[in-house]
Every structure is written in structure tokens, then in C-alpha cells.
Amino acid sequence: MGSLASPVVVKNIIEKYGFRFKKALGQNFLIDRNVVTNICKTADLKKSDLVVEIGPGIGTLTEQLAHYAGHVIAVELDKDLIGILEENLRAYGNVTIIQNDILKVNLDKVVGDFRKEHDLAEGPYKVVANLPYYITTPVLMYLMENNFNISEIVVMIQKEVAERIAAQPGSKDYGALSLAVRYYTEPALVMRVPRTVFIPKPEVDSAVIKLKRLSRPPVEVKDEELLFRIIRAAFGQRRKTLLNSLRGGLGCDKEVIKKALTQVGINPERRGETLTLQEFAALSNIFSNLLD
Ligand code: SAM
């Protein structure tokens with residue numbers, strides 16, 4: 001088993017290659033072996049698993065993923081890290097490194113091509129990462145909205161974002177992200193991680209979340225786009241009542257909104273942050289009839 005996850009080893013590698021951290025790319029590298037092991041355990045990896053890793057850095061998490069999983073496809077944006085990764089992971093025959101922006105990669109195609117080339121059966125794959133925090137939400141939305149064949153996502157992200165994802169209706173952290181994640185997955189906040197396990201030390205604490213992909217959304221809506229438009233409108237102005245925030249956000253007549261809310265039995269004086277996904281879904285189905 002590899003041993004990149006230590007402060008001394010990471011510092012030596014940084015020095016050896018004269019690597020300079022790029023803050024703009026969210027580069028904070030893990031130095032704690034327990035955290036790396038716990039991330040792998042959370043992903044419940046087997047030799048039959050194919051894992052996509054986003055942002056492998058110098059390969060600290062990658063080597064452990066390679067140890068537990070059948071194959072790892074690691075997508076790293078920073079060209080300066082590719083040579084370092086290749087060198088650090090040379091001993092593992094089951095890692096493919098791709099230099100690209102994750103938001104530009106068609107994961108189903110990359111995984112499909114790899115499996116075809118290696119005569120492997122098609123099927124779902126897992127995504128595991130210590131994400132670059134500056135694009136946490138865009139990356140999660142990209143993975144979920146594209147309907148990639150992912151069975152679960154295990155990622156370390158900023159603690160505050162993890163709390164927003166896991167938040168329940170009525171709490172201050174509950175918002176559009178909590179609802180979007182629940183539409184596609186079953187989320188769980190697995191563990192909180194202090195900032196001291198990274199080099200350089202970030203300004204925020206972290207948490208590991210696990211998102212289990214649902215085979216189908218827990219609610220049935222006629223128009224997904226409308227559902228998310230309503231959700232965004234409801235949280236656009238958190239302090240306003242639902243009636244007023246929807247009026248502003250959707251640009252609809254007050255009477256139309258009142259009628260829709262009354263039809264689904266939602267008090268127009270409630271605030272958006274108290275509505276469940278089921279209530280938003282019912283509302284969007286009524287709206288799609290009214291707006292027809
Ligand atoms: N996995 C490593 C670790 O845990 O030590 C590094 C994690 S670091 C928080 C995030 C990594 O994502 C960096 O290596 C960074 O260069 C990479 N990255 C940033 N933006 C990216 C993007 N758009 N696509 C792919 N990788 C990206």
C-alpha cells in the first residue's frame with residue numbers, strides 16, 4: 001500500500017519538483033492517512049469498481065483508490081501535476097490519468113471507451129474526490145444533471161456546503177442546493193474534517209458527503225426546468241413570503257400565484273425555506289397547468 005499521505009512525503013514531493021500551489025485551482029493536498037482511508041471506506045470500494053477521481057493533485061487519494069478499486073480514471077486540470085502524478089503512481093497498473101477540466105469531460109464516454117478497450121462489462125461507476133472547493137456546486141450539478149451512469153459520489157467539500165446539502169426544511173442552511181441534491185440522490189454527511197489535514201491549510205473546515213444516486217427522482221414532475229425555476233425563485237429572496245418571492249422571481253401575477261398555492265394547500269404566507277421537495281413538486285405541476 002502506498003504512503004503519500006504524510007506531511008513529510010507531500011512536502012518532499014513539492015520541493016523535489018519545485019511545484020507551486022495554485023490557489024485559483026483550489027489546490028490543498030491531503031496529508032492525513034486516516035482521512036484518505038476513511039474516504040475510501042465510505043465509497044465501499046471493491047475490485048469490481050471503476051472509480052473516477054476529480055483533481056488527483058499529486059496522487060495521495062488516487063493511490064489508495066487504486067489499492068481498493070479495480071481501476072481509477074483520474075481527471076486533473078493542472079498540466080504541472082501530470083508528470084508528478086505519472087511518477088508517483090507508476091507502481092499502480094490500474095490508474096489512467098487524463099489532463100482536462102472535469103466540467104468538459106463526458107464521463108460516460110470516457111468510462112465506456114475504457115471498458116470497451118479492456119473488454120470490461122458496461123455498468124455504473126463511482127466518483128470519489130477531494131474536490132477543488134471553488135467549483136464544488138458546479139461540479140456536483142454537472143455530475144447529477146447530465147444523468148451520467150454514476151452509482152454514488154463520495155466527496156470531500158467545504159463543511160458549510162456539506163451542511164447545506166444535508167439540511168432539512170425549515171433550517172437556515174436549507175436551500176436550492178439541498179433540494180437539487182435530493183431530487184437526484186440520497187445525501188448523507190459522513191464526517192467532518194478539520195483544516196489541519198491539508199497542505200497548504202485552507203481557510204475553512206471540510207466534510208465528506210456521500211450521495212447515492214436514485215434510480216428515479218422521489219417526486220414526479222411534468223417539467224423539471226419549471227420545478228427548479230420555482231425553487232430558485234422561492235429562495236431568491238429568503239426573507240419574503242412565498243407569495244412575494246414567487247411573484248418577483250417568476251414574474252407572474254399575484255392572483256395566479258395565490259391560486260396555485262391554494263390549490264396545493266400551501267399557505268401563501270409561508271417562506272420558501274419551509275417547503276419540502278414534495279411540496280415544490282406539487283406546486284410546479286399546478287403551475288405547469290396554469291401556465292399552459
Ligand atoms: N486529490 C488531491 C488531494 O486530496 O491531495 C488534491 C485535491 S485539491 C483540493 C483539488 C485538485 O483539483 C487540485 O489538484 C486541482 O489542480 C484540481 N482541479 C482544480 N480544478 C479542476 C477542474 N476543473 N478539473 C479537474 N481538476 C481540477
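Keep in mind that glycine also has a Cβ here, set from the backbone N, Cα and C atoms.
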Requested in this report: Would you identify which residue of Asn130, Asn146, Asn147 TrEMBL lists as part of the S-adenosyl-L-methionine site it also attributes to Asn28, Leu30, Gly55, Glu76, Asp101?
Outcome: Asn130
Requested in this report: Just name the most isolated of the binding-site residues Asn28, Asn130, going by other Cβ atoms within 10 Å of its Cβ.
Outcome: Asn28
Query raised in the report: Where among the binding-site residues Glu76, Asp101 do you find the Cβ with the fewest other Cβ atoms within 10 Å?
Result: Asp101
Query raised in the report: Rounded to a whole angstrom, what is the largest C-alpha distance between any two of the residues Asn28, Leu30, Gly55, Glu76, Asp101, Asn130 that the record assigns to S-adenosyl-L-methionine?
Result: 21
